[in-house]
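Among the features that Swiss-Prot reports, active site, proton acceptor is placed at ASP62, HIS130. Swiss-Prot lists ASN128, GLU135 with the feature active site, for ring-opening step, giving sequence analysis as the kind of evidence.
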Amino acid sequence: MKVIVVKNQLEGGKIGLDLLKKSMANGAKTLGLATGSTPVEFYNQIVNSDLDFTDMVSVNLDEYVGLDGSNDQSYRYFMTKHLFGEKPFKENFLPNGKAADLEAEAKHYDQIIEENPIDWQILGIGQNGHIGFNEPGTPAEITTHVVDLQESTIKANARFFESEADVPRKAISMGLASIMKSKNIVLMAYGKEKAEAIKGMVEGEVTTELPASILQNHANVTVIADEAAVSLLSK
């Protein structure tokens, strides 16, 4: 696991863009994408670049249950706003949070990932160590699944909604086993509130209680983080 320390999200976004360019030059065709505040500057860098994605496929990590793509808090809306609206792809896949049969939708999404193996996956990390919506206690072998969001995640995401009561309680998320199949993983983290999770992920034992720690078992992980996020690392 390689750790790159940056001054801020702007520098992190630029480094992320450079890593993506190298991966695309080496033939990457499928990108795994994340949402939330962490990758926004990275997406800004992509939008302002000359990269062409018209022959590329994207596969997103997750989506809230109950929100359709027109809802401004859905992850499809987020991706359209920050990336897809400016940089067209050959195809964009996200879980359908409005599916009548959520378990069937999870199986369908696994099939999409099987048909579009992820070459380059971007991740954020939650304060509790979640990646995607894989909360503490999630089995390592799980693929796409329906998740009951933990209270800490609901509280962390409440700032995006009118009130905490409006935050969806469930999501469909790519599983840890799905994420681990990605050829290359780049995880971004900014701010002191991520320091405990980063320490556990990089230096702690691999445990389901800190889902991101499973990344220690992946051969190609790069962490892009600011000084605050790496402040608890011993090396």
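A Cβ is built for glycine as well, from the same backbone N, Cα and C atoms used for every other residue.
Looking only at other Cβ atoms within 10 Å, the busiest spot among the active-site residues ASP62, ASN128 turns out to be ASP62. Comparing GLU135 (active site, for ring-opening step) with ASN128 (active site, for ring-opening step), their Cα atoms are 8 Å apart once rounded. Rounded to a whole value, the Cα-Cα separation of HIS130 (active site, proton acceptor) and ASP62 (active site, proton acceptor) is 12 Å. A straight line from the CA of ASN128 (active site, for ring-opening step) to the CA of ASP62 (active site, proton acceptor) spans 17 Å. Note on HIS130 (active site, proton acceptor): other Cβ atoms within 10 Å of its Cβ, all shown chains, come to 25. If you draw a 10 Å sphere around the CB of GLU135 (active site, for ring-opening step), it holds 21 other CB atoms from the protein chains shown.
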